[in-house]
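**Q** Pasting in a structure now, in structure tokens, and then I'll have a few things to ask.
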Amino acid sequence: MAAPVIIVGSHVWVEDPHLAWIDGEVTRIDGINVHVKTKKGKTVVTNVYFPKDTEAPSGGVDDMTKLSYLHEPGVLRNLETRYELNEIYTYTGNILIAVNPFQRLPHIYETDMMEQYKGIALGELSPHVFAIGDAAYRAMINEGKNNSILVSGESGAGKTETTKMLMRYLAFLGGRSGVEGRTVEQQVLESNPVLEAFGNAKTLRNNNSSRFGKFVEIQFDKNGRISGAAIRTYLLERSRVCQISDPERNYHCFYLLCAAPPEDIKKYKLENPHKFHYLNQSSCYKLDGVDDASEYLETRRAMDVVGISNEEQEAIFRVVAAILHLGNIDFGKGEEIDSSVIKDKDSRSHLNMAAELLMCNAQSLEDALIRRVMVTPEEIITRTLDPDNAIASRDTLAKTIYSHLFDWIVNKINTSIGQDPRSKSIIGVLDIYGFESFKCNSFEQFCINFTNEKLQQHFNQHVFKMEQEEYTKEEIAWSYIEFIDNQDVLELIEKKPGGIISLLDEACMFPKSTHETFSQKLFQTFKEHERFAKPKLSRTDFTISHYAGEVTYQSNHFIDKNKDYIVAEHQALFTASNCKFVAGLFHALHEDSSRSSKFSSIGSRFKQQLHSLMESLNGTEPHYIRCIKPNNVLKPGIFENFNVIHQLRCGGVLEAIRISCAGYPTRLAFYDFLDRFGLLAPEVLEGNYDDKVACQMILDKKSLTDYQIGKTKIFLRAGQMAELDARRAEVLGNAARVIQRQFRTCMARKNYRSIRNAAIVLQSFLRGEIARAVHKKLRIEAAALRVQKNFRRYVDRKSFVTTRSSTIVLQTGLRAMIARSEFRLRRQRKAAIVLQAHWRGRQAFSYYTRLQKAAIVTQCAWRCRLARRELRMLKMAARDTGALKDAKNKLEQRVEELSLRLHLEKRLRTDLEEAKVQEVAKLQEALHTMRLQLKETTAMVVKEQEAARVAIEEASSVNKEPVVVEDTEKIDSLSNEIDRLKGLLSSETHKADEAQHAYQSALVQNEELCKKLEEAGRKIDQLQDSVQRFQEKVFSLESENKVLRQQTLTISPTTRALALRPKTTIIQRTPEKDTFSNGETTQLQEPETEDRPQKSLNQKQQENQELLLKSISEDIGFSEGKPVAACLIYKCLIHWRSFEVERTSIFNRIIETIASAIEMQENSDVLCYWLSNSATLLMFLQRTLKAGATGSITTPRRRGMPSSLFGRVSQSFRGSPQSAGFPFMTGRAIGGGLDELRQVEAKYPALLFKQQLTAFLEKIYGMIRDKMKKEISPLLASCIQVPRTPRSGLVKGRSQNTQNNVVAPKPMIAHWQNIVTCLNGHLRTMRANYVPSLLISKVFGQIFSFINVQLFNSLLLRRECCSFSNGEYVKTGLAELEKWCHDATEEFVGSAWDELKHIRQAVGFLVIHQKPKKSLKEITTELCPVLSIQQLYRISTMYWDDKYGTHSVSTEVIATMRAEVSDVSKSAISNSFLLDDDSSIPFSLDDISKSMQNVEVAEVDPPPLIRQNSNFMFLLERSD
């Protein structure tokens, strides 16, 4: 790699012994060495340095391929920056790096986050483990290929949690919703806690470390649904069962079992963990924040889900308990040499417990532990083991049992889940241990590192392939890129024959082989190998140079750990066990060992498993996740650079970067290149060149050669970016000097002008002072002249006024005398006229009174005659129908109820008034008392003051008299008295002031109490009104529900079937007579002739219904803004009295007609038409129908209407002749407005129809809303991010924007205008169909809420959207929406604009200047009061200024936000920073009824088809 070109002043990274890398500024260059002043102030001389990108975003980049300088310090700094902001995921191409936060971040793993990443291309949203899972799933679905996700990292890096999240997301994508019972995805997910319980343990580095590797193959069918799964495990750490170091723990299952419920403890004969040898080797028994008792129950539940029966679970935990008891068996020396026996009673007890749990003979178990049988050709020899070998035999038995128990659990899970032979594709998730290098490395580390060497080779090949695909896609010329191939290391380990594993197997087959002979064999075989070395100070250790560094292995236990055999005595013991489960484990093992007589070791078998795994991975499309542990103390907020660099190296990330640097590490889009380096050739920006041509011109001008230009990007070799930055820095430095020179010139000119202006001001002031002195002298002289003139005028005027006043007094007296004489004459004449007028008026009034009495007598006689005639007619009608009597009784009952309620209301109001009066009286009395006290206090003060004054006067007179020696005592006493009186006066004055203050405060309290009393009175009135309204509403709903329940219970199936027949009779008023006919209830005809007319009536009624349904099935439009169909249906149902019958089919047929009209309907016009009709018809029903037991019809009572029947009849005679009859017998009942709609006690079919119609209204509303969302969704994707315009020609565009920077370019808001066009279209459609304004405003309110949710969520998930220019773009678009809301008026939009509060405040935060000066309080209370702390933290950390280069909020604010987010995440139920879309119905039936204006139903013209039919003539009746 060529050395980067730098100059003095460049910023570079240099090595640091404490921070790994530290940044500084170049101060001097000496050949290849540079002098760098670090940020700590220290000067470093080095020749190893890397350029630093000073323009890198403050929050880092989400994909490290976007870094201008792709090198180790740049990668490290980017990861550290993002980790500080809780951004734990970062891409490196399509590789995901996950840094363990060591704290819970539940808000980024919730279901709504899964929905956001579903179907989104990789890299479009912020880095996330869900994005990798989705990319694998989409590649499998679209390309039909098998995919794999490889999760790697060292212990504690978060591999297990990452794998669980991946499997959870894949189950979310491929799950089956609504399926009952155990599904495959549930079993796959629940297998994790089972395997964790038996395969995970606490280590020094991790509290939940997986001590085995696993590869989960999830199978999918052709529809992308999970159809099966298989789990493969690798290299379980068997030695942990018997040996653990402090403060580690054994496998979790042992501790879970010790914390089981008491009955299980007793069953398995367990005690506290510290009583068992296999557990008390460490002082750690419990994990922080983990409840073993609840985890035990959770594990049992998970075992149920994965298909392990209760009997099998009991057997599993019996084996686990038996292993604990085996560990407590100790041995002592026997009587014979090299023999052993059970040490004590405690060991014997544990032996018996283990035998009982394993269901085998205790003596046989003892013999198997301490005796061995050797078979020779001559005889069978039985020998006894010494205590050490007996302990080794015990531990071997425990490890063998546990390892095969674990294998059985894995096989059982696979069997239970099942594999689908018809599956089309799979996604494999590999969770395997990362590269390990400790002080002591044994056989386990050797196998683990061998695995990682294999995976690293696969990883390098994949990275190289991705590089080639990138170059090929961009159509640039490329040559072979060299990368370090670790094939030689793999051959060193696995070559057959001659590899380390082969030599180890060879040593295991010879009984006399030791680790020393094995080590010597290695040294002899590989002494010339480049990757193999022998440490100088050890005879048995050996060192291998892996890809991640050198590792020294201790070969002491290699041979023992590589052997895989079972003692024959152990196998015979457990094969004969009475427990089928235990016998099955060892029986299966016996079958496996009997099939092959060839020696099989752990290493060889692991190599075969690894070879099989690599074959599986090679057949899939890989996706990589590298997990990083930021520190070794397992605490959040700590980032250890050396530790992270080591893991990046072990994970192959740095190797991938090196491969990238071998080609073209710097890749910039044309737009970004021109934005950064366009200033190197300003003439290019001023011209109308294509972006690609402009980039070529800049590179040619700077004479660069190591680059390639692709289709969309520029590819730069290593060092070229630094050279461009150096030249750019030079240009910027020259420009800075020019700016400084101009600034200094400006400041000097400004200083000169200020001095000159000061001199001018001083001169002007002096000249002004002289001029003012002269002017003052002239003013004094002029004033003296004016004073003399005015004095002379005053004297002359005073003389004239005196003479004039005397003359006026004389004239006034004479004129007054003449006027009084004239006034007396006029009063006399007026009195005479008044007397005459009163006399004439009295005579006329007497005549009028007599005439009026005669007329009244005549009118009364005539009205009595008419009343008797009408009374006879009413009595005849009452005898025929009996309806009037029922109406009279019901109305009288209603009058009594209303009277009682009125009396109750009056009584409540009277009580309230009395309480008010009493309270006011108390307050007035208290006020009066305080006033009296104040008067008394004032009087006392006055008296005291008078007494003091007298005393002072007396004292003064005394002082004036001559004083003699004998009066000294008297003078002293008087002085004391004066002082006492003065003190008393001051105290009384103070008391008076306090009383005055108390009085004022009492007045204020009195006013406040009066206000509170008035407010309480108003609230009581409002509450009483609200309670009354709610009581009426509840009563109405209870009545409806009661009717519906009773009717549903009483109607038999046969009756229900009859109720749906079209032949059901509907009450109808005949036009010939004012009587009512119903074929089922009234009998106006003779019995023998009843059937034929009734049949004719039913047929006629059926024809009328068919005609009505035929009419409303078509679009019959609107009449003067009123929906004709709704009015037509309502008038017909009222006229036919359909609401009052027990059975009818008309309602069901109307509902079916509406359903057929809107079913699968995509036409907004049709939906809006039926929405308008449904709303109007529901409004009629809401105002008309009420639940009741009878079907009588009542009219709302007007104020002042008489309560008795005859009173109303007599009142009707005094009204107009047209209203003399019953209101429902005239057209006014239908033709009136809403205030005159009569109420009907509806029956079951009518109430059911109302509920069905309400459901259809909500359905139509939802269809319109969802259709609008579907149309707007594609447009919103283009509205969240500002479209990029060609960078060349930008200078010209800037000059135009400078002249008119208010109006945004039309292409920039084209997408927003499309949304406005869509909204206008729907608004016109709804207004054309006269949809109620309430529904229109609710629709747009939810649409704007949807826009708010989509834009806000996209803003929080896409870092490129959280920029200054993007905020301006979205703000411009929101202004378009605000303008539309203003034009559409509040009547139709309502509070829709307020629904955008989240995105408006977020955008306002993006575009505000001087963010670092804003405090958290200002942000949360003034700028963004609606946003939560999680949302503010997300925006603040993702913000970047692509226009002015400013920074986000201060680091102190960020730290405070992070702390609050951490606190909230611990306490809140939901921590998601995303918004949820609300799809509820935001209105009620009452809201619609109250919002709609009066509708004159009678004024609606029926359609021609109805108008021409004589049976519908009642529709043509009009109201006056």
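Heads up, the Cβ atoms here are built off N, Cα and C, so glycines get one too.
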**Q** According to Swiss-Prot, which of these ranges is region 'Actin-binding': 528-551, 1008-1031, 1488-1511?
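**A** Swiss-Prot lists region 'Actin-binding' for residues 528-551.
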**Q** Looking only at residues six or more beyond either end of the region 'Actin-binding' (528-551), which have a C-beta under 8 A from one in the stretch?
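**A** Same-chain contacts beyond the flanks: 435, 437, 441, 445, 449, 452-453, 456, 484, 486, 488-489, 492-493, 515-516, 519, 522, 646, 649-650, 652, 655.
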**Q** Over the span of the region 'Actin-binding' (528-551), count residues by DSSP class, listing helix, strand and coil in order.
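**A** For the region 'Actin-binding' (528-551), the helix, strand and coil counts are 0 helix, 11 strand, 13 coil.
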**Q** Taking only the residues in the region 'Actin-binding' (528-551), give me the average pLDDT of this model.
**A** 90
**Q** Which sequence-distant residues neighbour the region 'Actin-binding' (492-526)? Criterion: at least 6 residues beyond either end, Cβ under 8 Å.
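**A** Contacts of the region 'Actin-binding' (492-526) (Cβ under 8 Å, skipping residues fewer than 6 from its ends): 446, 450, 453, 532, 534, 539-542, 544, 555-559, 562-563, 599, 601, 603-604, 607.
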**Q** Determine how many residues of the domain 'Myosin N-terminal SH3-like' (7-56) DSSP places in helix, in strand and in coil.
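**A** Result for the domain 'Myosin N-terminal SH3-like' (7-56), in helix, strand, coil order: 0 helix, 30 strand, 20 coil.
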**Q** What is the number of residues in the region 'Actin-binding' (492-526) that are helix, strand and coil, as DSSP sees it?
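**A** Final tally across the stretch: 24 helix, 0 strand, 11 coil.
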